[in-house]
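Peer 1: Annotations for this protein, taken from Swiss-Prot, read as follows:
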TRANSMEM  10-30  transmembrane segment
TRANSMEM  41-61  transmembrane segment
DOMAIN    129-326  domain 'Peptidase S39'
ACT_SITE  176  active site, for protease activity
ACT_SITE  209  active site, for protease activity
ACT_SITE  276  active site, for protease activity
MOD_RES   390  phosphoserine
REGION    403-435  region 'Disordered'
COMPBIAS  419-435  compositional bias 'Polar residues'
COMPBIAS  469-478  compositional bias 'Polar residues'
REGION    469-568  region 'Disordered'
COMPBIAS  481-502  compositional bias 'Basic and acidic residues'
COMPBIAS  507-516  compositional bias 'Polar residues'
COMPBIAS  554-568  compositional bias 'Polar residues'
C-alpha cells in the first residue's frame with residue numbers, strides 16, 4: 001500500500017515539474033507588480049499574471065487527467081549490444097562471442113537452442129530487403145496516428161488510430177499482436193492503460209490478420225494521437241513503414257507494395273523485430289497493415305485491410321474510392337452468383353476468408369461474399385420473402401391460369417379437383433356437368449394428385465359400364481354366337497362316365513393285306529351355317545367310325561383254303 005502511494009506521488013512530482021516552474025513565474029511577477037506604483041505598469045503586470053495563471057490551470061488539469069487515466073512514463077529500451085567477433089566454444093558456458101556496448105567490450109553467451117527454435121518461425125520473422133534501408137527519425141517526425149503497443153513493459157508491436165462512420169475511434173493492429181495481452185498505448189514517452197477494451201472486428205486468417213479495438217477518446221487525447229484515413233491500395237504503390245525500439249527511438253523504411261489478391265499484399269520494405277501491426281503509409285493515408293515476412297520469397301507480407309472493410313461495408317469508412325473502383329474495369333471486381341459458378345467450372349481457385357462472421361471468397365482479381373450467393377440462390381417471391389424462408393402460415397399470391405386439359409379448374413370453396421369427376425353411371429345414361437372456366441388451385445401438387453384420382457375414377461366407371469353391357473345386352477352378335485355354341489354337343493364328358501377303351505393293336509400284319517390299304521374315308525362334314533366352326537360332337541363321331549374300320553381290316557390266321565385260292 002505504502003509503496004503504491006509513494007510511486008503515485010513520485011509520478012505526480014515528475015509530471016508536475018513544469019507546473020511548479022509556472023507557479024514560480026507567477027509568484028515572481030506578482031512580487032514585481034507589488035513593488036511598483038505606476039498604473040500602466042500595474043495593468044501590464046495584471047495581464048501577465050492572468051496569462052501565467054491560465055497557463056498553470058491548464059497544465060494542472062492536464063496532469064490531473066493523466067493521473068486519473070493512469071498515464072506513466074515509458075521505460076526506455078536500451079540499445080542492443082553488437083557482436084564484434086566469431087563465437088567460440090567455452091566448456092563452462094557453451095558458445096560465447098565478444099560484444100561491445102556503450103564503449104565497453106565483454107563476452108555474450110549465445111543460446112544456440114533458442115536461435116534454432118526461433119529460426120523455425122517462418123511466419124513471424126522480419127526481413128531486410130535489398131535497396132530498402134532503415135532511417136532513424138525523431139519522435140516528432142513519425143505520423144500522428146502511429147502508436148506503440150506494450151504488454152506491460154515489453155514492446156509487442158505497433159498500431160494506429162482510425163475513425164469509424166459512427167464517429168467512434170478505433171485502434172487498428174495485427175491480431176497476433178493484440179493476442180500478446182496488450183496493456184498500454186504509448187506515444188512520445190507516455191503510456192496509457194487500455195486493458196479490457198472490446199474488439200469490434202477481427203480476422204484470424206494468416207493473410208488477413210487484423211483486429212479493430214474500441215479505445216476511449218480521452219486515452220487518445222491524453223497521448224495526442226491523431227486520426228488517419230484508410231485508402232485502398234493500387235496495384236503497385238510506394239509505401240513507408242515505421243517502427244523502432246520504443247516510441248522515441250523510431251526508424252522508417254520505404255519500398256514498393258504490390259497486390260497478390262484483393263486482400264494479400266507483398267512489400268519490398270526492410271523491417272525488424274517488433275514491427276508487426278505497423279501501418280503501411282502512402283501520403284499520410286493507411287493502405288495496408290504489416291504482418292511479417294515470407295523468407296522463401298524474400299519479401300515481407302501485409303494485408304489490404306481497407307479492402308476488407310470495403311467488402312463488408314461497415315466498421316470503418318474507406319476513402320479515396322477512385323483508386324479501387326467497384327466497376328468491372330477495376331483491378332478487382334465483385335462477382336454475382338452466375339459468374340462465380342462459371343469461374344468454378346473454369347477451374348479458378350478461390351480463397352475463403354472470414355471477417356467477423358462474414359465469409360468472403362476471392363481469386364486473384366475477383367471476389368464475392370457468401371451472403372450474396374445465398375441471396376441470389378433464394379430470390380424473393382411476390383411477397384418479398386424468400387421461398388426457403390417462408391412459413392406454413394405464409395400465403396403467396398399467384399396469378400390465376402387455367403390448365404390446358406378438358407374440364408380443368410377447381411371450384412371455389414372446395415378442395416382442388418374434388419368435383420372434376422362430374423359424370424356418374426345411372427342405368428346406362430351419362431350426365432355431364434357444366435365446364436368450369438378457370439382453375440383457382442394454388443399448389444401444383446394438388447392439381448396433379450386430383451387429376452390422377454379423377455383418371456382412376458373414370459377408369460373404374462368405364463370398366464363397370466363395359467361389364468354391365470356385356471351381361472345385360474341381348475341383341476349383340478357375340479351373345480348369339482355364345483348361345484349357339486352352348487346348344488351344340490360338347491366333347492367334354494361327365495365326371496361319372498367311364499372312358500371308352502380302344503381295341504388292342506395287333507403286332508403283326510396280315511399277309512393278304514397290302515401296305516397301301518386305306519381305311520374308309522371319313523364321313524363328310526355337314527355344312528352348317530357359314531362362319532360356324534366344327535363342333536366337338538362331330539369330331540367324336542369320326543373317331544368312333546375310324547376305330548370300327550380299323551377292327552374290320554385285321555384278318556384271322558391264314559388257312560390252306562385261302563392259300564390254294566391264291567395259287568390258282
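Note that Cβ sites are derived from N, Cα and C of the backbone, with glycine treated the same way.
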Peer 1: Can you grab the distance from residue 176 (active site, for protease activity) over to residue 209 (active site, for protease activity)? Cα atoms, rounded to a whole Å.
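Peer 2: With the alpha carbons as reference points, the distance is 7 Å.
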Peer 1: Measure from the CA atom of residue 209 (active site, for protease activity) to the CA atom of residue 276 (active site, for protease activity) and give the result in Å, rounded to a whole number.
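Peer 2: Per the Cα atoms, residue 276 (active site, for protease activity) and residue 209 (active site, for protease activity) stand 10 Å apart.
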Peer 1: How does the model score the domain 'Peptidase S39' (129-326) in terms of mean pLDDT?
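Peer 2: Mean model confidence (pLDDT) across the domain 'Peptidase S39' (129-326) is 86.
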Peer 1: Helix, strand or coil at residue 276 (active site, for protease activity), per DSSP?
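Peer 2: Looking at the DSSP assignment, residue 276 (active site, for protease activity) belongs to neither helix nor strand, so coil.
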Peer 1: Count the other Cβ atoms sitting within 10 Å of the Cβ of residue 209 (active site, for protease activity), across every protein chain shown.
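Peer 2: Its Cβ has 25 other Cβ atoms within 10 Å.
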